[in-house]
Amino acid sequence: MKNRVAFVTGAGQGIGEAIALRLAKDGLAVAVADFNQETARQVAEKINQQGGKAIALKVDVSQRDQVMDAVEEARRALGGFDVIVNNAGIAPSTPIAEITEAVVDKVYNVNVKGVIWGMQAAIKAFAAEGHGGKIINACSQAGHVGNPELAVYSSSKFAVRGLTQTAARDLAPAGITVNAFCPGIVRTPMWEEIDRQISEAAGKPAGYGTEEFAKRITLGRLSEPEDVAACVAYLASPDSDYMTGQSLLIDGGMVFN
Ligand SMILES: NC(=O)C1=CN([C@@H]2O[C@H](COP(=O)(O)OP(=O)(O)OC[C@H]3O[C@@H](n4cnc5c(N)ncnc54)[C@H](O)[C@@H]3O)[C@@H](O)[C@H]2O)C=CC1
Ligand SMILES: CC(=O)C(C)=O
């Protein structure tokens, strides 16, 4: 039987890497897409060495043409198109009084426009294959509650939640479901940098930011990228066929709403 095909952005490290590895383990052929060509290549190589099927693609998700071209290349190279995971994101610290136009543009170009371009590319690819599919967007607990020092990032994730709900309604007639995953603190290079910035701003040693956030986690531990990948694996599987428009909180209870 033909493999289902997934395209994962920001898959060169962190959560995206874990998602790519997990979907490959679940039998999907995976396009490992990242701004960083070298890390994307390494992840694709790991999947192929483990007996899966993967290709690496260099793409800047903020550039619409690059996203459209990369998705089309993946569809042709892997022989189909079933799932897109719009995972790439950036999270610079942005205290309100220090927000610049440049940082707003940078964050929104990746976190918001990147999701819109990914959804558009997926719609085209699903149509070319003559069936619906699954769109999965990276949101965050920060898309449910405003996070201190992260106004631009947090608002971009609120936007992702809105886009996910709206796209779910628009695309249901085409057989496309649209959902998002909303982690809390995940042990990745992104979180390490946020911790460093929070700790530095408070005049405390590295690790302080993590301790402060971790106090609010019901399950009493930070999440690992694999915890998030397990949720995404469900959203990518037929088990979630009746779910759409949802932004699933998987943060172990930092936010309940
Ligand atoms: N780490 C955390 O605590 C949380 C992360 N998230 C979200 O999960 C997603 C993944 O986060 P992490 O793995 O932690 O981040 P990370 O910073 O560790 O990895 C992000 C990956 O995206 C790639 N990337 C960045 N800009 C790109 C662009 N313009 N085009 C293509 N690729 C690009 C990077 O090269 C990197 O490989 C993000 O959307 C983030 O906002 C959500 C909640 C918590
Ligand atoms: C970076 C992020 O989305 C967090 C800490 O929820």
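Each Cβ is built from the backbone N, Cα and C atoms, and glycine gets one as well.
Just so you know, TrEMBL annotations are computer predictions that nobody has curated.
What TrEMBL annotates here:
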BINDING   13-15, Asp34, 60-61, Asn87, Tyr153, Lys157, 183-188  NAD(+) binding site
ACT_SITE  Tyr153  active site, proton acceptor
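A simple Cβ count within 10 Å picks out one of the binding-site residues Gln13, Asn87, Thr188 as the most packed, and that one is Asn87. Candidate recorded positions: Ile15, Tyr153, Lys157. Those with a Cβ under 6 Å from ligand 1, in sequence order, are Ile15. By the criterion of other Cβ atoms within 10 Å of the residue's own Cβ, the least surrounded of the recorded positions Tyr153, Val186 is Val186.
For the recorded site, Val186 (NAD(+) binding site), the DSSP three-state label reads strand. Local packing around the Cβ, expressed as the count of other Cβ atoms within 10 angstroms, is greatest for Lys157 among the binding-site residues Asp60, Lys157, Gly184. Under a cutoff of 8 A between CB atoms, and with a sequence separation of 6+ in the same chain, the neighbours of Ile15 (NAD(+) binding site) are Asn87, Ala138, Pro183, Val186, Thr188, Pro225, Val228, Ala229.
In three-state terms derived from DSSP, Ile15 (NAD(+) binding site) belongs to a helical segment. In the three-state DSSP scheme, Asp60 (NAD(+) binding site) is classed as coil.
According to DSSP, Asn87 (NAD(+) binding site) is assigned to coil rather than to any helix or strand.
Among the binding-site residues listed (Gln13, Asp60, Gly184), Gly184 has its Cα nearest to the Cα of Tyr153 (active site, proton acceptor). Secondary structure from DSSP puts Tyr153 (active site, proton acceptor) in a helix.
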